[in-house]
Amino acid sequence: MHSSEHNIPCGSTNVLHLPGLCQNERRRLSSVLINVAKVLLLLYMFICSLDILSSAFQLAGGKVAGDIFRDSAILSNPVAGLVVGILVTVLVQSSSTSTSIIVSLVSSGLLEVRSATPIIMGSNIGTSVTNTIVALMQAGERDEFKRAFAGATVHDCFNWLSVLVLLPLEASSGLLRWLSHAVVSSFHLKGGQDAPELLKIITEPFTKLIIQLDKSVITGIATGNEHMRNRSLVKIWCRSGPQTVRGMNRNLAKMQKCRHLFVDSSMSDLAVGLILLAASLLVLCSCLVLLVKLLNSLLKGQVTKVIHQLINTDFPYPFQWLTGYLAILVGAGMTFVVQSSSVFTSAITPLIGIGVISLERAYPLTLGSNIGTTTTAILAALASPSDKLAAAFQVALCHFFFNVLGILLWYPVPLTRLPIGMARFLGERTAKYRWFAVLYLLLCFLLLPSVVLVLSMAGWQVMVSVGAPFVSVLVFICVINMLQACRPHCLPRKLRSWDFLPMWMRSLKPADTVITRVTLSCTKRLGHGKNRAMQRKHQLAAKSTTSQRNVQLAGENPAPSKLHDLHRLQDSMSTRL
């Protein structure tokens, strides 16, 4: 008799037993497993490229960031401190690095907790630039780009709105300082061991072969150690033994040369940083494009609908309000595992783009990610020495309470979830005018913070005289827009729309026309230059082939060439006569 398992049809429930699988089911299962392995490999390379990107930014701008932190007169201004936190975190591409510098400055007595709190808020804003850059990689598909950019900027909108409310409150009342001080004074804290680095256990074996940094150089420059200024950020000597070794001779015996690509390089930190920046961006873009394609192939058809419903469906009534808070816990837990809010939010951005995660579900996940990254800072503060523990823990708690209060402001009541509407508006604008994404990135994370920093350095009188009218006009426009959308009858007839303004003041179409013309003219010039170069190449090639043919003909039949020379000689003699 034949074995019954070989006659199992493909649609049978016994197909789950591997020996009884029909051929098509086996092929499908093997292709799915191969694609899942590819996704995991690409995700690993994606995370490693984010780590190397952070190292590249630290090499290119780490010493500048240390110099920025040195000027305590600037940092005493809350607005300037906020801007410094944004710029430094954008420069080093790591909120944990900027936070660790702040903790070192506070614990060494060079910076007060009062001045450190606005910088912590700025680092919270600066860390969201990474997933915004990741969203730009999906600009090829308009709908995907709209969803991905909205999912990335919901993080920015939450951070900016929280700062707009909590920074003036902190400057006037010291709420975050008071809360953190109350918690620190109520606990008898003792220095612990290092915070767990779960993700780095997996990624460091690869990233350490590319580059290793001595981050104490940035901290040393920030704390005023002039000897650190001439040192390179590229680590050359690594410790091979235990960290607690007494005596200089024994300590030196435990040092050995690091093993990475740039350990023997004579290039400057800036050159190494630019090389790593280009390479990591290339790997990041490639991994992201391949990830999106693989996820689209895996999550297509009925599978997408099932996963979409599973992730975005609320709990049954009357517990549907708990779904968002569960998502916050999931985001916090995942960020605690990977030890980086940038990695987590950048990883879910492609999923938002292809429609697997909705914007409404991505918002609480992002809020949870903000909480998760602060718990890592708290654990790192607990690892500080006992004499520096209280100040370090208080700064980490200021970061924690800032995000908790931001969630209480912009999440529990559905009407207060303004970041979702703002992010959706930005996504629609970038889908219509794709250049707007680059403008937004430069404006929010570079130009606007730089202008505010310059104004704050000029004095609070200059900053108020320039900033107050700008803020007043911005608030007026926002109020009029809300009334136009909700209650237009409350407005005068002229203000019920912006049609009375010139086109360039109420629409991006004129700017889009100019940018399109400029880009087209540039591409035409490049095209003409390429065509001319190609024509020259073809002409030179034609001349060379013609001369080669003449030489070949002369070599094969020398008599005609001699007759030709004789005719030329006769012609010249006749002209002389």
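Yeah, the Cβs are placed from backbone N, Cα and C, and that goes for glycine too.
Remember, it's a predicted structure, so these values are computed and weren't measured experimentally.
According to TrEMBL, the feature compositional bias 'Polar residues' maps to 542-551.
According to TrEMBL, the region 'Disordered' annotation covers 533-577.
Among the features that TrEMBL reports, transmembrane segment is placed at 32-53 (among others). With a threshold of 8 Å between CB atoms, the same-chain residues lying at least 6 positions outside the transmembrane segment (32-53) that come near it are 93, 130, 199, 202-203, 206-207, 210-211, 276-277, 279-281, 283-284, 287-288, 290-291, 294-295, 297-298, 338, 340, 342-343, 346-347.
Away from its own ends, the transmembrane segment (73-92) comes close to residues 54, 57-58, 60-62, 64-65, 98, 101, 111, 115-127, 129, 163, 167, 170-171, 218, 445-446, 449-450, 452-453, 456-457, 460, 463 of its chain (Cβ-Cβ under 8 Å, at least six residues beyond either end). The annotation transmembrane segment is assigned in TrEMBL to 73-92 (among others).
According to TrEMBL, the transmembrane segment annotation covers 270-292 (among others).
What TrEMBL lists as transmembrane segment is 325-351 (among others).
Here TrEMBL flags 363-383 (among others) as transmembrane segment.
The annotation transmembrane segment is assigned in TrEMBL to 389-413 (among others). Under 8 Å from some Cβ of the transmembrane segment (389-413) lie the Cβ atoms of residues 99, 102-103, 106-107, 113, 116-117, 120-121, 123-124, 158-159, 161-162, 165-166, 175-177, 179-181, 183-184, 189-191, 324, 328, 363-364, 367, 370-371, 374-375, 377-378, 380-382, 419, all in the same chain and six or more residues away from its ends.
The transmembrane segment annotation in TrEMBL covers 433-460 (among others).
Positions annotated as transmembrane segment by TrEMBL: 466-486 (among others).
Panel annotation: around the transmembrane segment (325-351), residues 43, 46-47, 50, 93-96, 127-128, 130-131, 134-135, 138, 148, 151-152, 155, 197-200, 288, 291-292, 295, 357, 361-362, 364-373, 375-376, 407, 411 of the same chain, lying at least six beyond its termini, place a Cβ under 8 Å from a Cβ of the stretch.
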